[in-house]
Each structure stands twice: as C-alpha cells, then as structure tokens.
Amino acid sequence: MTIQPIRLFGDPVLRTRADEVVDFDKELRTLVQDLWDTMESQGGAGIAAPQLGVSLRVFTYHCDGSAGHMVNPTWNAIDDECQDGDEGCLSIPGFQWETRRMRNVVASGWNMYGEPIEVQGTDLLARCIQHETDHLDGVLFLDRLDAETRKQAMREIRQASWFDGNVPTIKQDPHALFGGF
Ligand SMILES: [Zn+2]
C-alpha cells in the first residue's frame, strides 16, 4: 500500500495535458494501486494520475457504490440533462463550489490489463467521471465555475493555508461542454 503526496493547485502538472498510456505494464498497475490507496486514504470520490505528479491518462473512482479505474478514458453525455451541485477536488483541499455538469454520461476506456471497459454514471458518478477526465486535460473544476463564483473561489484559495502564491492562469472552458453557453 503506497499513499502518495497529492499535488496542489498551483503545481504545473495539474495544468498539463496528460499523455495516453501506451504500455499496459507493471508500472501502470503500480500507478493504479497508488491512485487507489491515495484516494481511499483521503476518502476521495476519485483521483487522477496528474494529482500524483504522473502525467498519464489514468484515474480511479469510488463513489455511488461503484469503484474502479480507467485508462485513456473518453466520455459522452447520454442526454441533454445537466446537474448543479457542490464539487470539490483533492488538489484544492477544503473547498466546494457549485459546478454544473452533465447528469448522465457513459465513459469508455481500458483497464490496466488493456481490456476495453465502459462505465455508465448518473449524478455523483457522472460528475466524478467528468471531473477526473478534465484532470487528464489539465482542466480543473474551477474552470467550470461561472465567472462570479470563480472570482470568489480564487479569493478564497489565495487565503488558504496550503496555497503557495503561485497563481497560474485560469483556462477559459477549453471544451464546449455545454454547447457554448
Ligand atoms: Zn480533482
């Protein structure tokens, strides 16, 4: 069991697009185990490899009675339904802000043995899949907040005890998740 330190907001690895996994080898299985152990130690709903400083497209999840991992995931919305609810991030500890997400999604990817897998999620699991896949693109949930909430969030983060003052540029919605509104 290996619990790794979690990279915090301000660390450039969280703003880097992670690489596709090419080798489904022992290192990948170790990474999945580390992600799992670290996520569970924090009681997190999910965690993505960049949060451990590893720029690879892998995440683990454990929420709504569902648990597992995905390698090279992509997701699609099943319908047009959105959900609004509080969202947090292990890399931005101590905060939650209301974040709009799609409500019903299906994610496709691979497991650590290179076998294709599909995960269908609603509500919290759907939110988790979107949040973790965002991490793999260097996107944080702060980028998904409306402008006013984002400003308030940045003010609060700057005052957080863990924050080291290195404020990176907030990206403006690189993915038109909601069809442009
Ligand atoms: Zn996160």
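Glycine residues also receive a Cβ, built from the backbone N, Cα and C atoms like all the rest.
Annotation comment: TrEMBL describes Glu132 as active site. In the three-state DSSP scheme, Glu132 (active site) is classed as helix.
Counting every protein chain shown, the Cβ of His135 (Fe cation binding site) has 24 other Cβ atoms within 10 Å. What TrEMBL lists as Fe cation binding site is Cys89, His131, His135.
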Compute the mean position of the Cβ atoms of Cys89, His131, His135, which form the recorded Fe cation site, and then list in sequence order the other residues of that chain whose Cβ is within 8 Å of it. Gly46, Ala48, Gln51, Leu90, Ser91, Glu132, Asp134, Leu140, Phe141
Far apart in sequence but close in space: which same-chain residues, 6 or more away, have a Cβ under 8 Å from His131 (Fe cation binding site)? Gly46, Glu87, Cys89, Arg101, Phe141
Please list residues from the chain of Glu132 (active site) whose Cβ is under 8 angstroms from its Cβ, counting only those at least six apart in sequence. Gly46, Ile47, Ala48, Phe59, Tyr61, Met70, Pro73
